């Protein structure tokens, strides 16, 4: 049979009519694109308000970066999201899903810790904990709180950048640290926010976002952790709650907005395909985009020129998280960038090999300069680091030969950001003005930072009030 015959107009029309006839139609109030932290939290809140939802998730499970690996002996570790800010929106959410919590610090490791520059192999002496160093840190904390955080009380609510944009939010964060004399705090910020990019050069808006009021309080106090130690518990509970409202392994084929979904209502249609199933056409009154807004992710959308222009401004880093099995290694090794500002691990590079109590298994997270080929690049970086450490005797000589990865996860694109020039030109005000336009709302880490509690804050304070109002809830 000739392909030209199948491709004729008559056959094309027949095939289109057949595809439409076999579609499964789903009518809901809100279609949610992305089943990570932002999308699942919003889904629960909307259901509680009486709305129907359909969560569209491309992976085989919900939860985004919240991954938990359990070894054959039953020892678990979180590979991605580890803790939650100890604020009301987080404790309320855990309570809503009946997931027990504890409060504490996750910064300890199992067994002794040694520090090396993973690039050169140089071993680093213990951190200075003298009284003078502590005084410098205390003074830096006070200055940061008084001169920076007090001026930007909205920082934990989202990128609610005012217009006009304060000039100091666009200068390099290292310059802001010098201006207000909180340089002694910068290594702590680097530790809490590894893989930010060069902390000395990123726009100050992003540096401040990484250590807002809530995080600062928790860093020197306590965080929320699931009582079981498994961050997956939150999403396992949510999955039970949402049931068949979650559509997994779903590829979005086409999204149309401002279209007639019935005789009286204008809304959105989302055509998805799942393996081994007929296509599904979701007809919704509103669309909530909770996945990273990259041109790749929203390629099936009917984007306006304005939306496409704004989304194209984003750049991102890459992040690869894994459990590495290194036989013979029984200590934690932390990466210390000798030649990096504030001694951040250089990118590309791992944060370290962090022991968590499972013999020979280590949590290893790698930062990359971009999101392309994350898994292959991440593994290569770990192997290069082990080769360097092996050469100086920090790990067994055969570590590289015996290295395996029983678990890994791609967390790219990571940390979507725009340039200082775009911030100055009002990028965030322009994008926030699109909330609700064309029956579409936007949420996620790109608006709140890679911090689940702050994402939920953004949902509760900015996204859900407008969305519920539009739905008449």
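Every residue gets a Cβ built from N, Cα and C, even glycine.
What Swiss-Prot says about this one:
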type	residues	note
CARBOHYD	98	N-linked glycosylation site
CARBOHYD	128	N-linked glycosylation site
CARBOHYD	181	N-linked glycosylation site
CARBOHYD	262	N-linked glycosylation site
CARBOHYD	330	N-linked glycosylation site
SIGNAL	1-21	signal peptide
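All features noted in Swiss-Prot, drawn onto the structure.
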| residue | record | DSSP class |
| --- | --- | --- |
| 98 | N-linked glycosylation site | coil |
| 181 | N-linked glycosylation site | coil |
| 262 | N-linked glycosylation site | coil |
| 330 | N-linked glycosylation site | coil |
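Looking only at the glycosylation sites 98, 181, 330, the one with its C-alpha closest to residue 262 (N-linked glycosylation site) is 98.
Other C-beta atoms found within 10 angstroms of the C-beta of residue 181 (N-linked glycosylation site) number 15, with every protein chain shown included.
In this structure the alpha carbons, written CA, of residue 98 (N-linked glycosylation site) and residue 181 (N-linked glycosylation site) are 44 Å apart.
Taking each of the glycosylation sites 98, 330 in turn and counting other Cβ atoms within 10 Å of its Cβ gives the largest count for 330.
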